[in-house]
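For reference, TrEMBL has these:
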type	residues	note
DISULFID	60-81	disulfide bond
DISULFID	104-141	disulfide bond
DISULFID	183-205	disulfide bond
DISULFID	237-264	disulfide bond
DISULFID	277-318	disulfide bond
DOMAIN	52-177	domain 'Corticotropin-releasing factor binding protein N-terminal'
DOMAIN	185-306	domain 'Corticotropin-releasing factor binding protein C-terminal'
SIGNAL	1-23	signal peptide
């Protein structure tokens with residue numbers, strides 16, 4: 001049975017799944033509560049490709065994976081609202097205020113957060129983000145600058161807001177920009193393939209998959225000799241400087257997840273792992289001395305796969321949570 005964390009994350013992600021290489025967006029419908037999700041039609045895709053701006057209203061809790069102009073107008077006091085934005089791994093998100101009518105003195109607020117927060121946990125974690133936590137918030141009531149645009153550091157961002165007076169609200173325009181070297185990523189889908197490259201940069205990058213998965217690493221370049229080690233209390237990659245670790249857990253923050261395996265050295269081949277945790281993260285730690293690269297693919301774990309071990313497969317973890 002899915003955990004509460006999985007249910008919340010799956011609601012947020014809205015199962016943004018479709019075939020590889022095609023537009024794969026599902027948007028929240030403005031109409032009925034009993035049909036909350038709307039797959040973008042081919043006609044709408046063509047309209048958007050011709051330069052037309054997609055517009056719609058926002059709900060108190062909402063999810064956006066497409067560019068456009070979005071408006072929230074309170075019909076009643078709304079005290080705990082959030083909109084989650086997500087793009088492809090190689091995209092950054094820019095949020096621009098077009099219109100804001102809120103009562104900051106009366107307790108309203110409108111804040112952008114660089115990343116996601118869910119149940120008090122952050123992605124990226126504080127240790128993986130280039131900015132300190134205090135600088136990841138942009139509070140409209142403090143800046144009062146309606147002309148400002150806020151760009152995310154990864155493929156996810158969010159706004160959260162409180163509006164007391166019916167009729168008040170705001171309008172934002174969301175655009176996406178290309179990120180040549182994607183670092184921290186939340187996957188839109190339960191399956192895919194990705195290559196993470198850190199070019200001579202001292203930083204940590206996490207790729208998060210909010211599903212139990214089989215993950216297969218096919219290529220790892222760290223500038224070391226070959227080697228693969230399961231995480232143990234007295235072993236691992238501590239002191240190596242450049243390595244990849246696999247993490248599993250029930251929350252959003254990689255720093256609070258359980259370390260499952262370390263990959264300390266370069267290899268070409270196949271290392272496969274079945275991870276039955278609610279959330280799986282592949283995290284690369286880079287000293288900046290090398291051009292580090294890892295290629296991996298993943299797909300959602302089938303319960304039947306837990307019964308059959310494959311060659312080149314290391315231990316399974318977290319299966320009691322499935």
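Glycine residues also receive a Cβ, built from the backbone N, Cα and C atoms like all the rest.
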Of 141, 264, 277, 318, the disulfide-bonded residues given in the record, which has the fewest other CB atoms within 10 A of its CB?
141
Test of understanding: give the count of other CB atoms lying within 10 angstroms of the CB of residue 81 (disulfide bond).
18
Which of these disulfide-bonded residues is closest to residue 237 (disulfide bond) if you go by CA atoms: 60, 141, 205, 277?
205
Have a look around residue 205 (disulfide bond) and count the other CB atoms within 10 A of its CB, chains all included.
24
10 Å Cβ neighbour count around residue 237 (disulfide bond)?
22
According to DSSP, how is the domain 'Corticotropin-releasing factor binding protein N-terminal' (52-177) divided among helix, strand and coil residues?
8 helix, 67 strand, 51 coil
By Cα-Cα distance, the member of disulfide-bonded residues 81, 141, 277, 318 nearest residue 183 (disulfide bond):
277
Between residue 277 (disulfide bond) and residue 60 (disulfide bond), what is the CA-CA distance rounded to a whole number of Å?
29
Neighbour-count leader, CB within 10 A, disulfide-bonded residues: 60, 104, 183:
183
What whole-number Å value do you get for the CA-CA distance of residue 60 (disulfide bond) and residue 104 (disulfide bond)?
18
